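*Asks:* Let me give you the structure first, and then I'll get to my questions.
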Amino acid sequence: VLSPDDKKHVKDAWGKVGEHAGQYGAEALERMFLSFPTTKTYFPHFDLSHGSDQVKKHGKKVADALTLAVGHVDDMPQALSKLSDLHAHKLRVDPVNFKLLSHCLLVTLAAHLPAEFTPAVHASLDKFLASVSTVLTSKYR
């Protein structure tokens with residue numbers, strides 16, 4: 001459960017991401033593909049090379065979903081319901097992959113926002129991404 005302080009940290013940090021959200025989303029995906037090569041199996045039709053348009057577009061989708069979640073932090077299950085259905089029923093993404101992407105997102109944010117990425121903000125973002133992952137995997141059951 002996100003505390004009021006967690007919610008403030010997440011909103012403030014994501015606000016700093018701003019117009020770079022798509023770029024950071026793509027960078028996190030690239031990190032995930034390089035660090036955890038098995039995640040590539042969900043993207044057999046993608047050009048996964050550095051800077052590919054497909055990775056950039058999907059990175060923007062990831063960032064847009066996170067922006068939606070930040071904006072609806074008190075009602076993520078409703079806000080992310082369609083995305084949860086998609087990942088559970090159509091794409092059938094193994095839930096562990098959300099944890100891997102979350103880790104890569106944290107690394108990316110820490111690299112780009114070192115001054116803002118305090119231990120408290122790190123913990124809040126980690127809890128937020130875990131909450132998003134829980135929502136996205138809730139319809140697997």
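Note that the numbers count up from 1, one per residue, in the order the chain is shown.
Positions of Cβ are set from backbone N, Cα and C atoms, glycine also.
The model shown is predicted, which means the values in this text are computed figures rather than measured ones.
Annotations for this protein, taken from Swiss-Prot, read as follows:
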type	residues	note
BINDING	HIS58	O2 binding site
BINDING	HIS87	heme b binding site
DOMAIN	1-141	domain 'Globin'
MOD_RES	SER3	phosphoserine
MOD_RES	LYS7	N6-succinyllysine
MOD_RES	LYS11	N6-succinyllysine
MOD_RES	LYS16	N6-succinyllysine
MOD_RES	SER35	phosphoserine
MOD_RES	LYS40	N6-succinyllysine
MOD_RES	SER49	phosphoserine
MOD_RES	THR108	phosphothreonine
MOD_RES	SER124	phosphoserine
MOD_RES	SER131	phosphoserine
MOD_RES	THR137	phosphothreonine
MOD_RES	SER138	phosphoserine
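Are these features on the surface or tucked inside, and what touches them?
*Replies:* Classification of HIS58 (O2 binding site) by DSSP places it within a helix.
Taking the Cβ of HIS87 (heme b binding site) as reference, residues of its chain lying under 8 Å away and at least six apart in sequence are, in sequence order, VAL93, LEU136, THR137.
Counting only same-chain residues at least 6 apart in sequence, none has a Cβ under 8 Å from the Cβ of SER3 (phosphoserine). According to DSSP, SER3 (phosphoserine) is assigned to coil rather than to any helix or strand.
Neighbours of LYS7 (N6-succinyllysine), defined as other CB atoms within 10 A of its CB across all chains, total 16.
Under the DSSP three-state reduction, LYS11 (N6-succinyllysine) is assigned to helix.
Its Cβ placed at the centre, LYS16 (N6-succinyllysine) has 14 other Cβ atoms within 10 Å. According to DSSP, LYS16 (N6-succinyllysine) sits within a helical segment.
Around SER35 (phosphoserine), the same-chain residues at least 6 positions away in sequence with a Cβ under 8 Å from its Cβ are LEU100, CYS104.
Around LYS40 (N6-succinyllysine), the same-chain residues at least 6 positions away in sequence with a Cβ under 8 Å from its Cβ are PHE33, LEU48.
For the recorded site, SER49 (phosphoserine), the DSSP three-state label reads coil. Taking Cβ-Cβ distances under 8 Å and a sequence separation of 6 or more, SER49 (phosphoserine) has no neighbours in its chain.
Remark: THR108 (phosphothreonine) has TYR24, GLU27, ALA28, ARG31 as non-local neighbours, by Cβ distance under 8 Å and separation of at least 6 in sequence.
Its Cβ taken as reference, SER124 (phosphoserine) is surrounded by 22 other Cβ atoms within 10 Å in the chains shown. In the three-state DSSP reading, SER124 (phosphoserine) counts as helix.
There are 19 other CB atoms within 10 A of the CB of SER131 (phosphoserine), with all protein chains counted.
DSSP assigns THR137 (phosphothreonine) to a helix.
Neighbour list (SER138 (phosphoserine), Cβ cut-off 8 Å, at least 6 residues apart, same chain): PRO77, SER84.
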*Asks:* Tell me the coarse DSSP state (helix, strand, coil) of HIS87 (heme b binding site).
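*Replies:* DSSP call for HIS87 (heme b binding site): helix.
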*Asks:* Measuring Cα to Cα, how far is HIS58 (O2 binding site) from SER131 (phosphoserine) in Å?
*Replies:* 21
